[in-house]
Amino acid sequence: MLLVYGGKCKHKDNVTCLLSLIVNVKGESMVNLYWSANRDSVLCSLYLSVRVRLHHYTTYTTMSTWETLLLIGMFYLLFYTPVLQPHPHRTPVFEKLHEKIEKHRKEQEFSLALNYYEYSDVLDPCSLNPCRNHGKCVSTAPGYQCQCNEFFTGDHCEKPITTCTEDLCNHGICVLKKIPPKFQCRCDYPYHGPRCNTAADVCSPNPCKNGGICAVRDNNRFRCICPLHYKGTFCEVGPNDCYRNDGLQYRGHVSYTERGFSCLPWDSFLLAKENMNSFVSGIYMYGIGEHNYCRNPDGEVKPWCYFQDGSGKLSWGLCNVTVCTDNIIYSVPVVRSVNRTTDKPIIATDVKGNITKRNTTFPPQSNTTFSTCGLKDIPTSIRGRIFGGKRTQPGQHPWLASLQLKVSVPLHNAGHICGGTLIAPCWILTAAHCVKTLSEPQIWRVFLGKTDLIKNETYQQSFDVRRIIIHEFYREEPRSLHYDIALMELKKINKTCAKESKFVKKACIANREFAVGKACTIAGWGRMETGFPSQLLDATVQLISHSACSDPKRYGKLIDESMLCAGVPEGGVDACQGDSGGPLICERSAVSQVAGVVSWGELCGVKDKPGVYTHVFKFAQWIESKIKGN
């Protein structure tokens, strides 16, 4: 039986329209054909896209008799007449038609992926934010709609409006403006004009500040000879240009990185797709505007900026700003931060990608008690993958632990083996399969507060292990793991274990079930497409119902009540090797709770094969009994 998608042509008698529909019949392959013929001296270009795929009949409408006969005739022409090449003067018509149909098909598939009903009955199409470039996703009756900002358009805000290019401003950089024509050339000294191609007299007047002397060089170049204790291109950086704490309130004039790269303006067109630029709502409160000075609105370790490296690649780096000699640890609010989408460590967003001021303050750096759980200074974002994922910053996942072997053992090299979660000052929650064959406490060392596995980070804490407790009913099956949960007790140092700081905090144990479709966070040092990264990664997944996960096309009877499933419908987001034992964190009333422990799954980031986690809520009493029974 021939079946066709429920979409309708505007004109039933339009043959071209009919043939451009996607036709589905039983089978497993796809055929695409361009066909043209000449009749009565009139060139008639027809596009036939035949998709051969088995679908449920209930999804489509049966074709009428004349439509079926017409398509049978087309099949006859396809297989029993020579294939004619498109007329050379008509090729653009074919390309245009093909592009439109392909665009429509991809949009349909993308929409179906976002509304994948089998994963969750309450899946919100906006929960994973399909809108790009700061676009706001609004749920509507048929699905969702993207509301774009001033600089982008398109169904998913994917098309830039500005005409800025690298070479538009000859001796300057193109910056964005909210009013037409949406851009402006900001010229380097001594150039001026609409395209920065006219040079003024160098050193007249003197551009150097703070008493600097301007020395003329060749080809409209100059150099400022600065007084003692002053530096910068224009001697703009003075002796008191320094930062306190992590530089959240820094308002100085340093504009170059520790590696010597010049900072890009925060309103540069190169930052239009970044989530940290001068057009983010409320960001002016943190010193970001129409300049290229270093700032720290997101809780990084010190002020930073974007720059272009020697190859022109957009990146970011910490700035060459000095710490104030009278540096005192002040209690200052932390900003909720947003993604840097370059492949350097990225920073966090809230669900909507907005920067908002936090009312909490930095905790003491050496507090030996944990007054709360699940609260942090730098909130988690909803963003990319672990598998193929994006990097995160210090303090983003302060309860995450790296479980490392001190020395190599058979089948395992020294170093990071699994993840874990700090749930009490002396206790780490992890997966039983991580420690089952490596159960000797003396071979382990636990690191807290780490972001980069390679670096020796100043804010990290490390401990030996006193003992390991594996769940009594843990068992390994050929394709699954059951009761996959374990505890590590840390050895005390000077009568204490973990000390609370901005980078080390404990997470709460889930006190009740989370709703199906809930967006949660996974984090770890797991596998990417290119191997194992040293930088901490995170991603967002959605909780999947027990019935959906135990569907035969997923895991079937392998799933039991001790397990919890989470993933995304289209695949690509998953926890992989290296993330085992790490937490699945879900928020309730802005408090982070451990809903799952990364356990097992088939392959990485594959559609219909979500990650399987130990269902922590089901083990809350077991965890409490082991810790209190100590």
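Glycine is treated like the rest: Cβ placed from N, Cα and C.
As recorded in TrEMBL:
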DOMAIN    122-158  domain 'EGF-like'
DISULFID  Cys148-Cys157  disulfide bond
DOMAIN    160-197  domain 'EGF-like'
DISULFID  Cys164-Cys174  disulfide bond
DISULFID  Cys187-Cys196  disulfide bond
DOMAIN    199-236  domain 'EGF-like'
DISULFID  Cys226-Cys235  disulfide bond
DOMAIN    241-324  domain 'Kringle'
DOMAIN    386-628  domain 'Peptidase S1'
Worksheet, complete the sentence: Whole-number Å distance separating the Cα atoms of Cys196 (disulfide bond) and Cys226 (disulfide bond) is 26
Discussion item. Return only the integer: C-alpha distance in Å from Cys226 (disulfide bond) to Cys174 (disulfide bond).
Written reply: 29
Worksheet, complete the sentence: Students should find that the Cα atoms of Cys174 (disulfide bond) and Cys148 (disulfide bond) sit apart, in Å rounded to an integer, by 21
Worksheet entry | Other C-beta atoms that fall within 10 angstroms of the C-beta of Cys196 (disulfide bond) | 19
Worksheet item: With every protein chain in view, how many other Cβ atoms are within 10 Å of the Cβ of Cys226 (disulfide bond)?
Response: 21
Worksheet item: In the predicted model, what is the mean pLDDT computed over the domain 'Kringle' (241-324)?
Response: 89
Response to the item:
According to DSSP, Cys157 (disulfide bond) sits in coil
Practice prompt. Output, ordered by sequence, the same-chain residues six or more apart from Cys187 (disulfide bond) with a CB under 8 Å from its CB, or 'none'.
Written response: Cys169, His171, Gly172, Gly193, Cys196
Item to complete: Taking the Cβ of Cys157 (disulfide bond) as the reference point, list residues of the same chain whose Cβ is under 8 angstroms away and which are at least six residues distant in sequence.
Response: Cys131, Arg132, Asn133, His134, Gly135, Cys146, Cys148, Asn149
